[in-house]
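Structure first, commentary second.
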Amino acid sequence: MGLTKQYLRYVASAVFGLIGSQKGNIVFVTLRGEKGRYVAVPACEHVFVWDLRKGEKILILRGLKQEVTCLCPSPDGLHLAVGYEDGSVRIFSLLSGEGNVTFNGHKAAITSLKYDQLGGRLASGSKDTDIIVWDVINESGLYRLKGHKDAVTQALFLREKNLLVSSGKDTVVKWWDLDTQHCFKTMVGHRTEVWGLVLVSEEKRLITGASDSELRAWDIAYLQEIEDLEEPEPKKIKGPAPGTQDLQDAEDGTETDEAPEDRILTCRKAGSIMREGRDRVVNLATDRTGRILACHGADSVLEVFCILSKEEIQKKMDKKMKKARKKAKLNSGKGEEEDLEVSVEMTLQDEIQRVTSIKTAAKIKSFDLIHSPQGELKAVFLLQNNLVESYSLNPSAPAAQPVRTSRITLGGHRSDVRTLSFSSDNIAVLSAAADSIKIWNRSTLQCIRTMACEYALCSFFVPGDRQVVVGTKTGKLQLYDLASGALLETVDAHDGALWSLSLSPDQRGFVTGGADKAVKFWDFELVKDENSPQKRLSVKQTRTLQLDEDVLCVRFAPDQKLLAVSLLDCTVKVFYVDTLKFFLSLYGHKLPVICMDISYDGALIATGSADRNVKIWGMDFGDCHKSLFAHDDSVMHLQFVPKSHLFFTAGKDRKIKQWDADRFEHIQTLEGHHQEIWCLAVSPNGDYVVSSSHDKSLRLWERTREPLVLEDEREMQREAEYEESVAKEDQPAVPGETQGENYFTGKKTIETVKAAERIMEAIELYREETAKMQEHKAICKAAGKEVPLPTNPILMAYGNISPSAYVLEIFKGIKSSELEESLLVLPFSYVPDILKLFHEFLQLGSDVELLCRCLFFLLRIHFGQITSNQMLVPVIEKLKETTISKVSQVRDVIGFNMAGLEHLKRECEAKSEVMFFADATSHLEEKKRKRKKREKLILTLT
């Protein structure tokens, strides 16, 4: 067998040039005890935490592959829940930056994440129309709520009651009772998608935002409270009511008298607040105190409202009353002091007051609010053009004016990067977009220079790395000095777009190709500068080659004898540089050649086209060596690795691929970008590749010393494909369940399959070892003496434990969030052994909670087979007794510990003579009791 050719692997090194990506939402996070200073933003698959004051990135929460779609900080400020495009949710610790908990349950992107008040539960809504409630402490799913017919847009827990309210693109708002996990009320008062909802005024009012310019407000009345107040309810008239009333009821979302769902709460439409924006509500949110309400549409204006307290409303109404009395007095024309009957209606506008609008620099993608105790409101925005801005305003001031406090702009371009180049020392990277050029330090990834430019399409570093040349969409050449960041000169080079630049190998000049069907040759020269005594660099045109078609790309051969020009007629023409005579025509592409490159020895030319193919040609005779189907969309950029016949291609299919031009082999694929890739650059030493994409990110890829063998690479690819297919397999259908529906919270992933395999292997090992033990006993009996027993190497590795203890270790090793799903895919033949082992473990009193959880789940899913199996009846009977006694023991221990903690708490309080752990709940109860008494008193008086 011949030697396998080895290549060196390129790996992802960093993501930079990105401030925040569009798909997720921006949130304030608490770090180092400071609120309102740090924000977390989605950045492709990662989450960046920025310091607003310094404009620096201080923490990166690293994701895997999928894009981040949703963020939600925990109420204690220690964790951040992150939802991804594939439906997984990860919980990161903001102290260590590690994501230890992963929840897999959704089949599509996460659209909403919300914690409950204590941070113990997390509700996730998704595009797959389901809501799943997760237990954060136990790291497992609690239940799945099905009912929406389209993507869920928001889900909120109520503070006081065990209820959840959710909205969806299916135009309905649903109320869920979490004790029974069912939807007890559906509000159908909206005509269009409900894009957001918030609870305000101590959860007595719900505000929803839809696809029109009004925010609808609904009054919520909890029925237990109404009964407590002993209000005489107005009876509803049964029988045919006027048609208009029916219509009004439907719009208000009210229900009929006998509706059983009215037993928990009722919802009545209270009115609407008109927004200034005419389009749909994109985001609707309140700050944590619930005093400030804000919303924005698809434009750059955030509308801020203030929700007034009862005292403020009362003051306002008193003023109104005074005015009305005055008016009535004047109108009646009587001067006598007599009481005039005046009534003033309280409107929704009296309770919710418009404060101001905040206008940002570009379209708003998401925002977050924080209301400080001093009364200042801070708002932070993630904008469409890769920018974060923060504003502050005082909502209680008479004419509140928002002030921009900071913006994070340095770390990225406002638009897509269209050209990249490396300096000759491999250290500086140039990136240019529609309005600016940035120079980055490759090792620190810091932006060193930012220079304003026109729409850039191509660029290179002038030899010596002190100046750069950029070609623009209007056909201009722009020459910049890096030390000062100044524009030295602008030359009108072409009448149309200047598509391509190529530096000549002798480094004395360059060639440009443009949409005006011309190729122009330029030389560098030093000219006298009017402003300084020193000469400065300039360019002068020497020759022009006029062609019949637009020029898309130009490349010099390394010996500077030939020039390749790609034209709009899908061909590549090769000319002699000295005489400009025609030498070869390379035709075969079905669509224009967008990019091409010539190898370092001038032997090969590779062309990449919009027809998705890459062709490799010989430069001697123009023969096509090979045509490769390279990408699933246009090939946007192609470049050889210096001193080799390997080259990289970048495509609109979001992939970068490396190829061998001698063996026509695909070596490796670099995946990471989430949108089409526009360009890439390979460093002069071939160790680094940098690429740019429509997702606004720049990515750096680094060559490692790890050899890459093609056969192994293909094998890894096949394994990855298999793992993906395993996760996508249909769920096992339970009788009566429609295919693909799943009422458990988990979902089958490769991790759960592997966990199930580990359990099966452990049970098989236990069976084998038990059989061996019995054989060994028989041998010892026959021999009449102790024969040494060979120990299993796996058990030795675990510290010579027994086979049954090994099974328990395996169960303990499975992640809490994957436990149920692993047991679900376990064949029933293993269940009898597991049940017997569980009995043993429970008798020893080890890991009671874990074992009970597994046991109850297995009983739930295999109930029929277990109950009909005569052999398992005694096992279940024994389990029943053991479980009950052990669980009550555990409960007693917890009770004892709780009592001990209470005792310690009381001692601490007595020592310091202060209210330690000030009991907020009892205060709240006391307040409620007083309020109810007052209300009853008023009722009796009236």
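Numbers here mean position along the shown chain, with the first residue as 1.
A Cβ is built for glycine as well, from the same backbone N, Cα and C atoms used for every other residue.
Because TrEMBL annotations are produced automatically, they should be read as predictions rather than curated entries.
Taken from TrEMBL as is:
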type	residues	note
REPEAT	103-144	repeat 'WD'
REPEAT	145-186	repeat 'WD'
REPEAT	187-228	repeat 'WD'
REGION	231-263	region 'Disordered'
COMPBIAS	248-260	compositional bias 'Acidic residues'
REPEAT	410-450	repeat 'WD'
REPEAT	491-525	repeat 'WD'
REPEAT	586-627	repeat 'WD'
REPEAT	628-669	repeat 'WD'
REPEAT	670-702	repeat 'WD'
REGION	722-742	region 'Disordered'
COMPBIAS	722-731	compositional bias 'Basic and acidic residues'
DOMAIN	804-906	domain 'Small-subunit processome Utp12'
Averaged pLDDT score, the repeat 'WD' (145-186):
93
The repeat 'WD' (670-702), counted residue by residue under DSSP: helix, strand, coil:
0 helix, 19 strand, 14 coil
Long-range neighbours of the repeat 'WD' (187-228), counting only residues six or more past its ends (CB under 8 A):
150, 153-154, 156, 158-161, 165, 167-175, 250-253, 262-286, 290, 293, 295, 307, 348, 351-352, 932
Paired segments the repeat 'WD' (410-450) and the repeat 'WD' (628-669) in contact, 3+ CB pairs under 8 A:
no
Sequence-remote partners of the repeat 'WD' (145-186) [C-beta within less than 8 Å, at least six residues beyond its ends]:
108, 111-112, 114-117, 121, 123-127, 129-133, 192-199, 203, 206, 208, 210, 222, 255, 260-261, 264-265, 267, 741, 743
Same-chain residues near the repeat 'WD' (670-702), Cβ under 8 Å, at least 6 residues beyond its ends:
10-18, 21, 43-45, 65, 67, 386, 412-413, 416-422, 424-426, 429, 431, 440, 442, 445, 633, 636-637, 639-644, 648, 650-658
Mind checking how the repeat 'WD' (187-228) divides into helix, strand and coil residues in DSSP?
6 helix, 20 strand, 16 coil
